[in-house]
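Annotation source TrEMBL lists domain 'GPI ethanolamine phosphate transferase 1 C-terminal' at 456-923. Annotation comment: TrEMBL describes 466-489, 573-594, 600-617, 629-647, 653-671, 692-714, 726-746, 751-769, 775-796, 825-844, 864-885, 930-954 (among others) as transmembrane segment.
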């Protein structure tokens, strides 16, 4: 009998006791993946916000008594600055400000470019708190400081989604917001901007009759915030190229002009500073969130008290600067000529820099959580005031660093300090000394350097535990995979019988010593973590990892014997082993890449459609038809990952898919009845198939598929004609779907018969939940799975491997041991498992699948039922894949559970990769997708096992005709 390397020569394992581990191993795998899945929230999504710092007010008089902040939600920089179709400009008032009274530039936002993070950056000076993922991105989970908090009083009017974030719990604030019902995408939303202005105008008018309000408005350190939502709503509803959006830019400019005139007439003291900006832009598709320049580039115009006058551009203003803004855009970006501002100096800033700018204009301390750098180029200060302003900004950021350092030292036995700031106090003293000597340029340079180091120090302590946690988690995954490999080698291969044939039975006392040592290490580690007041999950991570490696080292006798066994092998063996490992890793890495590049599956099946038929063509006669069939099936399936994941509604595709499914079923039944003419099909057919010529069951299943396609057409026609779907139609649809799924249990037990019945049985519910080309994909997936079975069957003959001598026998009672070449089975399964999703949608989110899929079963909004039907639709292709996988394990006589563990091994290789791809920066979609990719792969240990348990109802009775009855001469 042939041997195939490390996984044995096909004989059964000599160590049967290891088989009892599989239940324990499954439980361990579920617990481990559940615990490790939570680790990303301790590593990547911890809040950067700390409390307990003292505010640092600037040591000079405030340039302005009050500040007006106008934020045009969703206003793109290019649409604000560029001319309109008639050659005029959409914002004439603010352009006149740029040319005569103030300074301007582009404010660069950091993804996620959403309203709440954008306003937090502008008003509080820090970017999106990663821990907001725990609140579903709806709110900041940790309280934070802001310019409004530091002000004497804040007046705020605008959206109910923004204004309450900053003023809802602020006692020294006067605010109001319109009802949510006002945000109607069907109308021109520019009236929302007018509403905010009217509220502010009414406030000033009321003050003439209210002495207390008048007195309040005359005080210093006041902030007026008007949130203008119109551009955002109109951009979403009508796109930023629409006349409604572009007209809203003009509305915003007129409001800015009216606010300026109103304030100037009211106060008449020229002690007001004005800042006009936007929280984010708007993509051409009418969306925002990612890091595209149309979303990150927003206008910034500042004027009034404390703000510098316009700066004409000069040669000295241009210099080589390779620095980048927070959105990764280069400094000194050239201003587009069509903006008509080429002669004016453009002063770009990061969005979080606006908060310290506002604070300094009002003479307030910067928000204690701010990470913004004060943009001095916007201010009109003398040299001494400039240094004092930057120093206050530096001390505020340095205080955050010192607080984080203090918190870490208070809970750690040993803390590695951030060395560049080890002597920060002496640097501060030196800066103060330079200021006293009026050496302002040197003091400024040192203050800016210290500020930069403080920001680096903040990042250092924010990621302080990353190395430890990521090392522990990575070692845990690696340990789990090694433990799974050892279990597979011991329980499902003939290797133990080979390497222990002359070895003594392992001494239980030796393993007890290993477990005692492991327990001691766990105790010491937990004690250290307890002393450091580490979170409970830290204990779980460390204990789980140490436990796994204890289990591995407890098998040291087997490991020693395995090393001796490997050392006795020839070079060809090592080449085969290395080639298998490299090929497996390459396939799995391509699967990782396919999560973002669906087209990889197209190239995969195009290549497979050439390589595998070529291999079979050299080994099988052409009359078998298998090479041609494999080529056609692979190339047909490759088409679907080129199609858009958002499936367009097309009933003809669904009906065509039903016809295709019926055709496949009839052809498979014909092949089953005439398999005696083709020796390569005969092994897949039960011996008594000839007695079952077109039984009633097969006819009934074909009828149900046809009836399902008819109901699809009927239901869609009713909905298209705005007619209500009758209750009778819904009852018929439910009946067809439910009844068809139990019929495969009554089909013949031959491999081809049962799989054909399963294919036809789950087709009706899938068709009833289909709206377009996914119905054709179902048939294409079925053809590709048949091709996989035929290839495995052909490989069985080509390798001259013979199964049991019993003509028809359940393979569960006579499984052979796993071989190295069997690794192809779980790898192929992983490819089909992923394309089952990627063929018709986006693996990252159920939201990418059309909700109209469920309308044939329920029309009244019912979120839980609709979600359940949608998930069920997604599971149907998996049912096909796992049924084919189970059938193949019976065909080649390998243990199903052993192959399951190899599948988990493959998925964990991908899980580790996704662990390092988790993002806490970027758009909410990018962050969410990175989390869901990691979570989905982590959950496969449970997900695949559950599907195996469900599909086992259909596949447990499958029987395969023995190949040994066919002589080599006949083959």
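Just so it is clear, glycine is given a Cβ too, placed from its N, Cα and C backbone atoms.
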Excluding the flanking five residues on each side, which residues at least 6 beyond the ends of the transmembrane segment (692-714) place their CB within less than 8 Å of a CB in that stretch?
-> 651, 654-655, 657-659, 661-662, 665-666, 669, 673, 729, 732-733, 736-737, 739-740, 743, 746-748, 753, 757, 760-761, 763-765, 767-768, 770, 856
So what pLDDT does the domain 'GPI ethanolamine phosphate transferase 1 C-terminal' (456-923) average out to?
-> 84
Short question: which residues 6 or more past the ends of the transmembrane segment (930-954) have a Cβ under 8 Å from it?
-> 26, 29-30, 33-34, 36-37, 40, 133, 595, 744-745, 754, 758, 833, 843-845, 875, 878-879, 882-883, 886, 896, 900, 903-904, 907-908, 910-911, 914-915, 917-919
Residues of the parent chain within Cβ reach of the transmembrane segment (600-617), under 8 Å, 6 or more residues beyond its termini | 590, 593-594, 626-628, 630-635, 637-639, 641-642, 784, 791, 794, 831, 834-835, 838-839
What same-chain residues lie close to the transmembrane segment (573-594): Cβ under 8 Å, and 6 or more beyond its ends?
-> 5-6, 600-601, 604, 820-821, 823, 827, 830-831, 834, 838, 906, 909-910, 913-914, 917
Distant-in-sequence neighbours of the transmembrane segment (629-647), which means Cβ under 8 A and at least six residues beyond its ends | 598-606, 608-610, 612-613, 616, 771-774, 776-777, 780-781, 783-784, 786-787, 790-791, 835, 838-842, 848-850
